[in-house]
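Visitor: This structure is in structure tokens; I'll ask about it shortly.
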């Protein structure tokens, strides 16, 4: 019998009113009066520069992390019609009427607001009760420091949101299995560790079939390893696709990378001859960017006869590495068997294994090395421009070209594309940037040495031809004029997206105003105190439980103990990986560096309170007393939040005496503006 479609169709849905309520409150605390103040606040002066570069499609690289965070900030600016034409040069600068301040700040604010209901849901996935989940959400909701950090064009709220989201998604997946049958990199590693423990437990569960275990293991591998790697590469793909114009960070990248960007080096190198030939005029850039990118260089100044430590030198012409474009960076590739310094017809290309001489274009000195100690690296040989002093010091100016990235032993030396090592023919030492800075007599340029290498491939050995032209002049005066002339011609060179990705991903508060309103990055002191006490309480409870279980006393069932340990792994472990590394860093730390760690403690607080209430207090009177204490703490958190709201939102304006009353400790810095 046919089943007829029954009308009307009825759809039922369950709505968590508490979740809805905390979401609305979170949006209100983070989004209300978002455009105030209408001026640059703290690190907006830093991130705003990257937003402007995105709007103008200008390449940049920020070694603080992958580009997704910056792209989220740029997306908000783009939706608000921002064209990038604003000078981010000082904190407190007023935004013009043409800039939509609300759109610049709205996406970080949304991430901060969504973190509150996410904490509520995450607490439920951790196995806490609805009351405890609400408590955790309220701690997030009323945390003044998190509100301040969310309301401006900053990245911490974005980082915290995605960290919590990753943890929530994994726990939802893990918990579903049981019911039915990059803070950054360190938080991700913690999550991998938790997943590994879960997978190991699944393997030992004899109630599951082999197929079920394999499916769960493969799903975890894909979701926690493969998908993050693909997303990481994908956002770099978007970043590199959008930013195709030359920018301020070009020199951090290789010559091949720079040649793919519009303007800058590509404008200079377009159409250069591809194959280096005898007679070619070239600039040689060190492939090492540490301490800074630089080019092989010489000038009319000699090494001192004696150094400060008494050692002697050859007193020949200095050869250095210079971190700026300069006419003294030009060298001529010469055939040792011929006198010509111009390219013949047809050009004779230089190949891997060929022996060449390098002649400095402006001084005509040959690149030379010999058994004289280098000025700053006495273990290595000095590199010089040879001067014949008639003192029985014969020239040693032959160099063998070794192409490091060759595909065959007869490969031709190519402009930009080839990385070469220049091996000294007489001593087998390799021309190398040492990275040491020369003293005043060397104009603080970087030292170049010839180092004998017995094994391996050391950094600073490789050199790339960046600018290149076929020389046509034999006379020195004509050649100097030729070297001073520009080098443009027209052909484009491309390198793969993967090569660009590898290069990019390899590592390299208060706002002044015209009024007396101030915004301070200050936390809710009560909730911070509760969070730290929860950390101490958990550790004490863990030690007590461990000792008593070791003695054979099980105060709590095994399943409750396992959940207690899991809460510690997630919350205390999350706090550790987001806090302890900062103790090892030699850098200036701000309060916001601690916020990801604080978030894990706000997750821990209701868990510890629930554990004590449910499993350690036996009498009804004890539980009622604890409920009163918790309620008093909640009221204190709310009052503390209200007390510091003027510093969180910048309004209402407070007098100096009112600001003084907010200074609970002498170590707090609250500035009083006097007019």
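Note that Cβ sites are derived from N, Cα and C of the backbone, with glycine treated the same way.
Feature annotation from TrEMBL assigns transmembrane segment to 6-28, 99-120, 126-142, 154-173, 185-203, 215-238, 526-544, 564-585. Annotation comment: TrEMBL describes 273-336, 347-404, 408-468 as domain 'MIR'.
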Visitor: Tally the residues of the domain 'MIR' (347-404) by DSSP class, grouping H, G and I as helix, E and B as strand, and everything else as coil.
Guide: 0 helix, 26 strand, 32 coil
Visitor: What stretch, picked from 99-120, 126-142, 526-544, has the most CB pairs under 8 A with the transmembrane segment (6-28)?
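Guide: Stretch with the highest Cβ contact count: 99-120.
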Visitor: Can you tell me which parts of the same chain pack against the transmembrane segment (99-120), counting only residues 6+ beyond its ends and a CB-CB cutoff under 8 A?
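Guide: For the transmembrane segment (99-120), the list is 18-19, 22-23, 25-27, 29-31, 34-35, 38, 44, 48, 51, 72-73, 75-77, 79-82, 86, 133-134, 136-137, 140-141, 146-147, 149-155, 157-158, 160-162, 164-165, 168, 599, 602-603.
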Visitor: Where else in the chain does the transmembrane segment (126-142) make close Cβ contacts, counting only residues six or more beyond its ends and a cut-off under 8 Å?
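Guide: Long-range Cβ neighbours of the transmembrane segment (126-142): 18, 22, 25-26, 29, 115-117, 119-120, 171, 524, 527, 530-531, 563, 566-567, 570, 599, 602-603, 605-607, 609-610, 630, 634, 637-638, 640-641.
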Visitor: Count the residues of the domain 'MIR' (273-336) that DSSP assigns to helix (H, G, I), to strand (E, B) and to coil, and report the three numbers in that order.
Guide: 3 helix, 30 strand, 31 coil
Visitor: Any idea what the model's mean pLDDT is for the domain 'MIR' (347-404)?
Guide: 90
